[in-house]
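Undergrad: Just dropping this structure here.
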Amino acid sequence: MSSELKDLVGSNGSLDSQEESPHVGGGGGSSGKAKDERPLLKPGSAASEAANAATPSERLEELEKKYAPYVRKDAYGTMGRGELPPAEWVLLGIALVTLVPIRLVVGIFLVVLYYLICRLCTLFYAPNREDGKEDYAHMVGWRRVVVVRTGRFLSRIMLFVLGFYWIRESHRSFSFEDEHEQPDESERPEVIVSNHISYVDILYQMSSCFPSFVAKRSVARLPLIGIISKCLGCVYVQRESKSSKGVSGILTERIKEAHQNKLYPMMMLFPEGTTTNGNYLLPFKTGAFLAKAPVLPVILKYPYNRFSPAWDTISGKSSSCDYITVPC
C-alpha cells in the first residue's frame, strides 16, 4: 500500500514534469522527436489556475477516498503523527511513569507464565511433523484442557492489562421454519472468518474460542511465542515455498481434518489478508471456503474516544508503544 500511495502522490505532485517529458524523451536526434501538439498553458489562463488549484489538503482528500479502509480517524492522525492537544500530552506523560511499567511487567509475566505452562504440557509429547508442520493440534486429555483453559484465561487478563476492560459480545441466531433445515452436529462451524483490525484480534479470539491461526514459518522459532503458537495448533506457511500443496492446499487439508475430528481446534482465518481501520470490508481471499466446511462469520469492532487500536497506516512500532502508553 505504501508504494501505491507514494506513486499517487508523486503523479499528483509533478504534473509539470510529466507534461514536459514528451519533449525530452523522444528518439536519438531532433528528427526522431515526436512533436507535442498539445497547447501550452499560459500562466494566467483558467486551465492553468485549475491545474494548480489542487492544494495538498485536496490531494489528501482524494487519497482518503481511494484508500478509505486505511484512513486513521483518531486523535493521533495518519500514521500516528497527528498534532495532539496539550491535555493529551499530559495524560501520556502521566501514563509513561505510572501505567507503562505496570503493563510491561504484567505483560511479560503473563507471556512467560503461559510459556512455562505450554512447555510443561508438551514434555514427553511428540509434535505433529507431517509435511514439515510442527504443532500440537492433535493434543488430547489433560494436556489439551490445561493449555486451552489457561490460554483463554491469561489472554483475557492480557486484554484487561492493555485497557480492554469490557468486551461486549452479541450473537445472531437464525430461525428455520422447516425442521429439516435445522443444522445438525456434523454441520457445526469448523472455520471462523473475521475482519482483521489489529494484532489484538488474536488475543480476543484466544480468550473467546481458542482457535488455530495461520502464521509464518519463522514464528515457530521465536523465543517464548514459538511453543505457544505450536500449542495453538498454528498452521505455518511460507509464501515463497514451492510446495505442491501451496497455502490454500495446506489450509484445506487442515480444515477437513478439523471437520472430521472434533478434537481438533477450529481454524481462524482473516480472509481480507491485511488489516484495516475496521470501517470497511475488503474482498475476501478464497482459501477459507475451498474446504466447503461450515463457516462462522465474526465481525470485530473497537469503539474508541482518542486512540484507535487499528493497525492501518500506523507502524507496528508506534502501535505497540501506543498500546502500552495510552490510558484507555
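Note: Cβ is positioned from N, Cα and C throughout, glycine not excepted.
Heads up, TrEMBL stuff is auto-annotated, nobody curated it.
As annotated by TrEMBL, compositional bias 'Low complexity' applies to 45-54. Here TrEMBL flags 190-303 as domain 'Phospholipid/glycerol acyltransferase'. Sequence annotations record features per position, and here TrEMBL assigns region 'Disordered' to 1-60. Taken from TrEMBL, the feature transmembrane segment covers 89-117, 146-167.
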Undergrad: Per DSSP, what is the residue count of the domain 'Phospholipid/glycerol acyltransferase' (190-303) in each of helix, strand and coil?
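TA: Taking each residue of the domain 'Phospholipid/glycerol acyltransferase' (190-303) in turn, the totals are 40 helix, 18 strand, 56 coil.
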Undergrad: Looking only at the domain 'Phospholipid/glycerol acyltransferase' (190-303), what is the mean pLDDT?
TA: 83
